[in-house]
């Protein structure tokens, strides 16, 4: 993957988030925290996991150890603010990123080395997986999730 493609795939990822945030931010606190099942019990907990995972991967890409996620995640508005900060910092990082650079980092399973491109593909895939769970959680609450897909960005 060259740098232009790396930028494009991250832009697509950020575009997907931009389609989801309006739906997430319209949830009442009760809807956001209601336990409905999944890898994480609620829309709020799933979103918190997604945002904190992106924060962790950005830190790893910068060669730093990630901060642990807080025990009590912020509300959705707070998570949105954090995500905006992560996305802006990621754009700054991206200007100097080399897709082929190898990054050694620690994670819960030990130490690993991957290219920047592989790490970016991983955190994007991770977000897609959990966006599917967000959609299911919204449906379980009787709500209609956004109907957006990666191909939608590429059709723009």
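Note that Cβ sites are derived from N, Cα and C of the backbone, with glycine treated the same way.
Whatever TrEMBL says is automated annotation, not expert-curated.
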Out of 49, 96, TrEMBL lists as part of the divalent metal cation site with 126, 130 the residue 49
Neighbouring CB atoms within 10 angstroms of the CB of residue 49 (divalent metal cation binding site), all protein chains considered, total 17
